[in-house]
Structures are given as structure tokens and as C-alpha cells.
Amino acid sequence: MSDPRRYEAEVGIIGGSGIYELDALTDVRRVRVSTPYGDPSGELVLGELSGTRVAFVPRHGARHHILPSRIPARANIHALKSLGVRQILGISAVGSLREDYAPGDLVVPDQIVDRTRADRGATFFDQDVVVHVAFAEPYCGRLRQLLIEAAGRATMATVHDSGTYCCMEGPQFSTRAESEMHRRLGFDLIGMTAVPEAKLAREAELCYAALCLVTDYDCWFDGHEDVTAQAVVDVMRRNSEAAKATLTTLLAKKSVDPECACQNVLASSINTPLEGLPDRAVERYALLLGKYLPASA
Ligand SMILES: [Zn+2]
């Protein structure tokens, strides 16, 4: 079957709190993309950053009006893939659950614990086809290393090369008891958006890594002010500059690898025979399963 991708960008960037646009982008064009999973968080911004074609989407919408539980993660990732994107960098604000991960620090996490409760649309394959992707390593190890190196070169901030991201439902911040519980369980970061974004990127066979910007100590640290939305926004402004510098440095070198294992993960993950799929499934999954569908489909 023909490849439905448009090849307008090779790297996707999903911006979180504090990053609603990338002012360093050149040759900018805004596009509306519709998907079988609804509309993305907003218009996608196509442009060039450090010589790389990128597509940017602000996770919470350009006006930060979409709460974490309602982010259209499936539409965002499907839209990026439809534009030709092969890897995604997710930027997000997080709270720290340990003293040595201080506000202003950057973290490239290596693990996720999913403590979300709402139905966030955590799989693309919700009918007709059953897919179980491996998720022991939720981030692309190759892209993580590139991100760690770029952050170290591009900023004066302290960069931590690992961490377990606990994804809570929100939108309220943690109680002190929850914060203490998460610390005792050994989690390092608390946030509201890593899930299902990382899961969906894996299902879409895209390399995915996250740059987390520490904004606060959640509410566990005696002597530090309890977290408020305004305090988070203030630190986020400084962090966003570090994130943008990291992206500019990372994308100055070729970072996409079509041979990365992430790019073929479905080859061993699809439980349902793809011969004889109903037409609605062939249509719904054309972009995601196209290369696996029988030629006659
Ligand atoms: Zn990869």
C-alpha cells in the first residue's frame, strides 16, 4: 500500500508548560492536521531548527487551555507521524522528589511509573487489532544519550542522566502524604503528561525521549514553599530557555536513525493476523500499520 506520510518534517517536538512556541524556528508554516483520533492540541508548526525540519505542537494548546487528562495525545502523535516525523522530543515541567534534583535542573528520565486514572486514550490499537509493545525501556536509549550530551553542551544547568518519572492524574498538585509516598517508593520526578505520550510514540514506531525541567520540590521539602501554580510558571520561564538551547544544539547534528530498534517495534508486537482485517481497521491504521498490511489491503 502507498505510504501515507507527507515527509514535511523528520523530528517532532512536543512542548509543555512554558514552551508554547519555538522562536528560533525559520521558514515557519502552520498546518492543521486531522487524524482518525480527532484533532491535535492545535495547529502544528512546521519549520527548520539548526538545519533540521521539525514539527512542533504545544501539548496543552497554544493558550494552555487543555488540562493533562484531556490532552489529545493520540492525535498529536498520529499527526506528527503523518508529517513524516521519525522521532519525538517531549519537553515537560516536573516536580522533584529528591533534594539533588533541584529547581532549574534538567533531567532526561529513563523510567516511568503510570499512576494516571482517567481514560487518556493510552493505545492506538483499541479495536480489531491487538498489539502488545515492549515497554521495559519506555524511552529510546539512543535518543536519550543525544539529549543528555546536547543538554550538557548547551546549558549551564545541571543535567541528570536518569530518573523515574511518576505520572499522576492531576490537575491538582500532590498532597504532602502523596509526595512522601512517592519518595518512599523511589520515584524521582512527578508530572502529569509522560503517559500516554511515551506509550503512543512506541506504538507509532517513533524514537522518543523526554527533557524534563525541574520547577519545584513538589511539597515534601520542609523549608521550601509549597508548590503553587505561579511559582511553577516563574521557574519555567528560565527553564524554557535551557530547553530551547538544548534543542538547537541537538538538532545541529543528524539525530534521526531509521535503523533504530524503535522504528520496527511492531514487527514482533502484533497479535492479530493482518490478513482479512475489516476495511474500517485498514483505514484507521493505514499510517501505523501500513508497512505490515498485506499488499492487497
Ligand atoms: Zn529509537
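Cβ atoms are placed via backbone N, Cα and C, with glycine included.
If you look up TrEMBL, you'll see SER17, ARG59, HIS60, SER92, ALA93, THR193 marked as phosphate binding site. Of all the Cβ atoms in the protein chains shown, 23 others lie within 10 Å of the Cβ of ALA93 (phosphate binding site). Secondary structure at ALA93 (phosphate binding site), taken from DSSP and collapsed to helix, strand or coil, is strand.
Taken from TrEMBL, the feature substrate binding site applies to MET192, ASP216, TYR217, ASP218. For ASP216 (substrate binding site), the number of other Cβ atoms no farther than 10 Å from its own Cβ, over all displayed protein chains, is 24.
Restricting the average to the domain 'Nucleoside phosphorylase' (11-251) gives a pLDDT of 94. Annotation comment: TrEMBL describes 11-251 as domain 'Nucleoside phosphorylase'.
Summarising the annotation, TrEMBL assigns site 'Important for substrate specificity' to SER174 (among others). DSSP assigns SER174 (site 'Important for substrate specificity') to coil, not to a helix or a strand. Sequence-distant contacts (6 or more apart, same chain, Cβ under 8 Å) of SER174 (site 'Important for substrate specificity') comprise GLY95, MET168, HIS182, ILE190, ASP218, CYS219.
According to TrEMBL, the feature site 'Important for substrate specificity' maps to ALA229 (among others). Residues near ALA229 (site 'Important for substrate specificity') in space but far in sequence (CB under 8 A, at least 6 apart, same chain): none are found.
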Spatial separation of TYR217 (substrate binding site) from THR193 (phosphate binding site) - C-alpha basis, Å: 17
Binding-site residues near HIS60 (phosphate binding site), in sequence order, restricted to MET192, ASP216, TYR217 and a 10 Å Cα cut-off: none
